[in-house]
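Going by TrEMBL, these are the annotated features:
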type	residues	note
DOMAIN	578-838	domain 'G-protein coupled receptors family 3 profile'
SIGNAL	1-22	signal peptide
TRANSMEM	578-601	transmembrane segment
TRANSMEM	613-636	transmembrane segment
TRANSMEM	648-672	transmembrane segment
TRANSMEM	684-709	transmembrane segment
TRANSMEM	732-754	transmembrane segment
TRANSMEM	766-788	transmembrane segment
TRANSMEM	794-816	transmembrane segment
Amino acid sequence: MAWLLICWPITILLIILGMGHAAEKESSMLGATAKGTVILGGIFAVHEDVEKENRTFAPHLHPCIRLEARGLVSMLAMINAVEKVNRSPLLADVNVTLGYHILDSCADVSTALRATAHFIERSHCPGTTSCGPPVLAVVGASNSEGSIAIARQLTLEMIPQISYSSTAVTLSDKRRFPAFMRTIPNDRHQTAAMVSLLSTYGWTWVGVVITDGNYGQSALENFVSQASKHGICVAFKSIIPQAVGSQDVRSAITQTARTIFENPAAQVIVSFAKPTLMVYLYQELKNQMLRGGRDLKSMRRVWVASDSWSSSSSVKENIHLEDMGHVLGFTFKSGDLSSFNEYLSRLEAAGYSDTGDNVFLQELYTQLNASEGYGDTALVSKAVETLREHTHASTIFSVEMAVSAIAQALVSVCRNRDCRTPGTVQPWELLKAMWMEEFKLRDKSFKFDSSGDINLGYDVTMWRSDGENIHVQNVVAEYHPHNNSFTHSTHSTAQQLNALKHIISKCSKSCVPGESKKTTKGPHTCCYECAICSANYYSNDTDMAQCLSCDPVTEWSPEGTSSCLPKDRLFFSWQDPFAMVLLTFSALGVIQNLLVSALFLQQQDTPVVKAAGGPLSQVILFSLVISDISAMLFVGRPNSLQCKARQVLFGVSFTLCVSCILVKTLHILLAFQFNPELHEVLRGLYKPYIIVAICVSLQAATCICWLVLKSPYNHIVNNPTTLLEACHEGSYLAFGVMLGYIAVLVFMCFICAFKGRKLPHLYNEAKFITFSMLLYLISWLLFVPVYITTSGVYLPAVEMVVILISNYGILCCHFFPKCYIILFKKEQNTNTAFRKKLYEYSNNTTDVVSVSVVTNCREGVTCPSLHRGSITRHCCERSNSI
């Protein structure tokens, strides 16, 4: 206690001495000074606030309150950096030393402006020794609002200012702040990093808490702007006033806590608030939970902390991480702390009495001693321990960079001049050198960019708790601004970050693949409903803004699917059971026609074969073979040649078949026509092979015109779920003309055959021809409406069936009865049997018809002659007439 009685007067005396020359003005500022050839100014927020109670209208300095260890550490970092530079050979080469004059802004803009005015006043001081060397550069301030105010003043004299933690974007505007520089990136990069992190985890519905002022407003503006571009919506914005002790702060924090609980879907909160305000907010959240009787776990959130509190010791000491949730912090790049740790060790070794002109250390000693009553050694040790706890590597590194940049710029300017005399170096010259040249720190080179910033990216830290204390875990990820990406430090940290992926922070439930977002009425695009993708549309990811269209030519999809399905290619395949049946009938038709042809060749001299047409029967059978083969072309994957050949082969071959049948019907009528005049006309017109040639030629001409002008081709019919490969007839008019022409010939055959239906049975095929032609007409008449109304893979089968019916109709009606007689009724396949049938026919006629047998003089063949009245006609003119 005796020691305390001795120390208190000494402490008070040192504080009075530290007030300096400002005592002449009714006010004084606390600071730390050291002599040197060139003086650097420093403005640090060593105290947290000022006493705002107004007792007078006269200008006065508000007393600072609540010493902040973090601000004191930043100030000591500058002192250490200056001392380190002075010990290096860098300044010795130009025979200069650095001194410093550091003042406390107390986190108050007005106080910071007073400090700035004091620095400028030194520059304009008349050449008296009381003023000392002018301040050529200023390090500070810590917050953006203070830096903006200071920069406006320093710009008037173009005194370079380097901030180590002011991040407002507006300070990068060199038209407004040409003398301002900083060793950190601006908030645009920090907010971009935050947005990238939120996008990585799919957190699209977040709250934002800021401290009012240039820093908070600038950060909020940039965050909202960049978040909206990435589909991230701000659920709420809470703005807390800066003045920590005001009543407005308390009410704002209460409202902020209430807003957080009213937005349970916003599980992620981005905070640009001051550390003290974050402590107050945590306490208010906890109090409201307890008052409401709710579980503290329900207040857990993911807090994305800005550089303002991401490594704050005061926050870590006053919250429980289990209640608060997860904290992901963004910090500036860090450097080596060994130099600063050595400095703190020297402070501890120097003891209580060696504080020099640093009144802030004295205040720290006094504050600690008042609470615990330490001895000298224990007091210093406790003070250094406190300083170490509030040491942040990123801040130390930024301060060291600022001092190094100024020192190396000074060396560049003083290399060709003597800078020991005050006024030799102008502040703007130092500013120019810093803009133009690189500087080094621990063997690494740095340079200010065109905005006066140094952007090294960010480290992402994750807070963790061991049950009692909260620790800021080592860097879990690094943000690279040049490509807006993150890299994980280690595999284990990557796993820890991946554990956050189960946390959902969305306004609406995610739309699963197969659905798309349908924005509801409201200001936020993040609040939506999920709409099922319609047919032929799909979505293959969650929360897609719209469904994607399938390729309408080759793909399709049912409703609510996550991918497109390839359309099945369909055609009348060889493997189709129905096709196999039809192909079997076609093959049997070919075989049967060939067998009948062989039988007829063997029996070509018999009356039955001659009555069937003789050589013409072979032509008919050949045409039926070709027609059966053409039917086979309707099966299989269509190609251009196949599409052209199948209709032409059928048209020409069946026309040949019907033409021969027409000749046969005309032959029958001619043989049994008893009208002399008509008989002579028919004999003149009856030229069998010419008639066949003309009929076939007309059909061939039609097909050639069809192939030349608009031929059939293979094409793909695009159905909703399938692709149908089919033949297009090219010209349906030509197709109709071809079928119509055959129909005309068939109809002629039908008429002629119908007229001769009562002729002698063995001489007469008219009934069979009539039936086969009638079968053809009926089948093709049915074919037309079926063909027009049918679509799909079995359309070729329709025509194939009709072709086979036509072929089998002719084969069965024309040839099978003859084959039956040849094979099983051989006694009827004789000339005698044929004469007998003619006599029976003549006896059954209504008129008197006499039958005589005459001998063909030319061939010696006996043929029957029919006598009707007085007229005698020979039924046979040639040996093959009957």
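Keep in mind that glycine also has a Cβ here, set from the backbone N, Cα and C atoms.
All TrEMBL annotations are machine predictions without curation.
As the structure is a computational prediction, the values presented were derived from the model and not from experiment.
Of the recorded ranges 684-709, 732-754, 766-788, 794-816, the transmembrane segment (578-601) has the largest number of C-beta contacts under 8 angstroms with 794-816. For the transmembrane segment (766-788), the most Cβ-contacting stretch among 613-636, 648-672, 684-709, 732-754, 794-816 is 794-816 (pairs under 8 Å). If you look at the transmembrane segment (684-709), the same-chain residues 6 or more away from its ends with a CB under 8 A from one of its CBs are 616, 619, 644, 647-648, 651-652, 655-656, 658-660, 662-663, 666-667, 670, 730-731, 734-735, 737-738, 741-742, 745.
Per-stretch counts of Cβ pairs under 8 Å to the transmembrane segment (794-816) identify 613-636 as the leading one among 613-636, 648-672, 732-754.
Averaged across the domain 'G-protein coupled receptors family 3 profile' (578-838), pLDDT in this predicted model comes to 84.
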